[in-house]
Amino acid sequence: VSPWDIALCATGTAVAGENALVLAVLFYTPSLRAPMFLLIGSLALADLLAGLGLVANFAVRYLLRPPSEAAELAAAGLLLAAFSASVCSLLAITVDRYLSLYNALTYHSERTLGFTCAMVLLMWLLCLGVGLLPLLGWNCLRDQSACSILRPVTKDNAAVLAICKIAFRHAQQIAVQHQFIATAQATSTRKGLSTLSLILGTFALCWIPFAIYSLVADSSYPAVYTYSLALPATCNSLINPIIYAFRNPDIQKSLWLACCGCIPSTLYSRPRTSSDV
């Protein structure tokens, strides 16, 4: 058993557990029903499925005997759908936070729950379609020379996904720059900008090296290169709850209540601004 695969499986288990906690808090707290929390829930669900996909991929590779092509393709499809939904949810949260800062006075009246639900549903349908591609024949099991570093994903599909990730990072960067130019003097805005910058920096550090590598490499490259870049990319799903959920004061209150039945006075006295969401 490859130690890299063990590390990915362990990371997937931690990712699934951490994001399951976020989903449980959102589900069992009636006050967390605003559009912003729906987007956080979408991200947590995507990362939860990504973690389960890593565990499933390990099980298919080492525990399933005899090997099953259908199981391998299903595990690959789950990872494709989950990571695509995770990236799309990241972009949606970035845009949502940008709008909450840029249109702070009208944000809560314009961003309705129904509109957000429709957008999230459309996004998930698109990502599930991406996940079905390997099962529908877009794979390299019959032609190993067409394999990307992400077997059984083809080189063309991997290139498209990598370009999408790089484009999403560019869109995030534009949102940060425009908001800085528009309202650089407000204290709450500077706090919101620090959050957006944290979003951008974390995503770039975790995903961009792997995305660029998948553009230039193929299955003939040493597997250690793929593993060493894929592991930080998967860790992005481990970091996401810390950035988007656990730093939110409303979710912090719910976690404190669930863990010890009390809420620290600092959370009561802290003023809530658009940068908190």
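FYI, residue positions are counted from 1 along the chain as it appears here.
Placed from the backbone N, Cα and C atoms, the Cβ positions cover glycine too.
As annotated by TrEMBL, domain 'G-protein coupled receptors family 1 profile' applies to 18-244.
Per TrEMBL, the feature transmembrane segment maps to 36-60 (among others).
Positions annotated as transmembrane segment by TrEMBL: 72-93 (among others).
A Cβ distance under 8 Å defines the sequence-distant neighbours of the transmembrane segment (113-136), meaning residues of its chain 6+ beyond its ends; these are 33-35, 38-39, 42, 46, 70, 73-74, 76-78, 80-82, 84-85, 88-89, 92, 152-153, 157, 161. Per TrEMBL, the feature transmembrane segment maps to 113-136 (among others).
Residues annotated as transmembrane segment in TrEMBL: 193-212 (among others).
Tertiary proximity for the transmembrane segment (224-246) is limited to same-chain residues at least six positions away from its ends with a CB under 8 Å from its CB atoms, namely 2, 4, 7-8, 11-12, 14-15, 18-19, 21-22, 25, 40, 43-44, 46-47, 50-51, 54, 83, 86, 90, 93, 149-150, 195, 198-199, 202-203, 205-207, 209-210, 213, 217, 252, 255. Taken from TrEMBL, the feature transmembrane segment covers 224-246 (among others).
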Other parts of the chain folded back onto the transmembrane segment (36-60), taken as Cβ under 8 Å at six or more residues beyond its ends: 5-6, 8-9, 11-20, 22-23, 26, 67-68, 71-72, 74-76, 78-79, 81-83, 85-86, 88-90, 92-93, 96, 100, 111, 113, 116-117, 120, 123-124, 127, 234, 237, 240-241, 244-245, 248, 250-251, 277
Distant-in-sequence neighbours of the transmembrane segment (72-93), which means Cβ under 8 A and at least six residues beyond its ends: 36, 39-40, 42-43, 45-47, 49-50, 52-54, 56-57, 60-61, 119-120, 123-124, 126-128, 130-135, 139, 141, 150, 152-153, 161, 164-165, 168, 171-172, 199, 203, 207, 236-237, 240, 244
